Amino acid sequence: MLLLPSAADGRGTAITHALTSASTLCQVEPVGRWFEAFVKRRNRNASASFQELEDKKELSEESEDEELQLEEFPMLKTLDPKDWKNQDHYAVLGLGHVRYKATQRQIKAAHKAMVLKHHPDKRKAAGEPIKEGDNDYFTCITKAYEMLSDPVKRRAFNSVDPTFDNSVPSKSEAKDNFFEVFTPVFERNSRWSNKKNVPKLGDMNSSFEDVDIFYSFWYNFDSWREFSYLDEEEKEKAECRDERRWIEKQNRATRAQRKKEEMNRIRTLVDNAYSCDPRIKKFKEEEKAKKEAEKKAKAEAKRKEQEAKEKQRQAELEAARLAKEKEEEEVRQQALLAKKEKDIQKKAIKKERQKLRNSCKTWNHFSDNEAERVKMMEEVEKLCDRLELASLQCLNETLTSCTKEVGKAALEKQIEEINEQIRKEKEEAEARMRQASKNTEKSTGGGGNGSKNWSEDDLQLLIKAVNLFPAGTNSRWEVIANYMNIHSSSGVKRTAKDVIGKAKSLQKLDPHQKDDINKKAFDKFKKEHGVVPQADNATPSERFEGPYTDFTPWTTEEQKLLEQALKTYPVNTPERWEKIAEAVPGRTKKDCMKRYKELVEMVKAKKAAQEQVLNASRAKK
């Protein structure tokens, strides 16, 4: 804050009072270029700096207009006003070198200059001949200005600019100089885009994103180009509403067709460029190399993963092998210990048995009678076979530490216990056999008249027939019954129901019954073939080479080899059976021939049984 200095010594302070007139109101009108600029900014809601840029732009346009040089159109005076639609409006106004880039100010200035130069009144004053009305060429200047001053009509004329090059380069033209050929073509066609920021074609150093943006833009090109200027009919000339509608319909169809052709032209241009673009080829090769690298990396990763898995699997197998070996070693050691214990026990039992025999022998088997002594010897052997080690030891201790009478009593007591045990076991076995027989009778009770009389021969024949005609054979049980009726020696006729019932009962047989049936079959075999009596005193026998009969049953593998050999060596083959025998290891020529005959008989029997069943079924029908 600024303060005045105090008064000097000896000086006083003087106070002055002045009288002023009253304030008056006056109205002022704002004028001047500054006020004009302020009003413009306020109306446009723009700042002073923006307005300054606009002013500079207007000044630059004015300077361009001043610098614009019009080109004289030499054919202007020869133009036909009636054919104004086919004239070049830009050339008529002297803007042929500027064309679609000309501004409205330039068009207006060009028209003004052409009017000042070619107006009929001025030419008339100069003594030039003037045509009457619209027949004068000045009408062409007027029409040109009408077309170019109207934005809609100007766009229609620009769409069909006669100087525009609509050609599309071919693939062969751009094979070696792609960018030199296609760059100017895309630049001149970019004038038809509704979007202002048109991407450039670029060069070989352009990135994949830039190239992708470029082709995406042109494949989805949005063109403003339209062909209303080429309408053959003008709807203003129509005499009625229907005629005007018809003209509009025809014009729309023609415009749509021309628009379609234009879009096909653009699409052909883009397709040709894309197919010739060296960058696309480069990108494809890079993408292919990238995929190959990814594929190799993936395969390498997979290989490493498989190697790791295989390594882990081998480690697990090795661990399992070691564990198994350890377990087997433990089992082997345990088995060895058990075997040793068993051997020790066997030796002990053998020792006790021998001790029992010696003790009994010492006492002359407690009898002086030869028959009783032999019987006692049998009973002692029975004790040796049936008694456990502890019982044998206890019995031997008793025999060695007592008198003959006490030992005999102890031995007889032990023999009585063993015999009682054997008797009980035999009774239990007989009871099981009786129960099994009852069950068999119950299960086969409803099998028909023939089910009650089944001999061992019929049972064996049934088993053979069941094996001969396996499951899957047509009318299997009828065929089996027919086979049994043909080959049975009992004369009993069996039905399919009888055969099914007996087959089921055989399947349910107790194991003891099966053994009994097999034993009976073996007894019958011995009875039929006889048994060679054995000499009481066996002497070493001499071996004589003679025919050897092999009763070993044929295995599945031998059967397959035989069938294959029969197919390989037909009937007319020399030494056929010798070659067949060589193809079947372990079988002689005689074995192969015998097996072949058996197979033939089985097939014949099977066919005969099936045919008989088939004939019976036909007879029933």
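A Cβ is built for glycine as well, from the same backbone N, Cα and C atoms used for every other residue.
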Filtering Ser63, Ser167, Ser193, Ser451 by Swiss-Prot annotation phosphoserine leaves Ser63
Residue among Ser47, Ser190, Ser401 with Swiss-Prot annotation phosphoserine is Ser47
As Swiss-Prot has it, region 'Disordered' corresponds, among 294-315, 536-557, to residues 294-315
The candidate from Ser49, Ser149, Ser159, Ser617 that Swiss-Prot records as phosphoserine is Ser49
Between Ser60, Ser490, the phosphoserine label in Swiss-Prot belongs to Ser60
Students should find that the region 'Epitope (recognized by CD8(+) cytotoxic T-lymphocytes)' stretch in Swiss-Prot, chosen from 23-31, 95-103, 455-463, 473-481, is 23-31
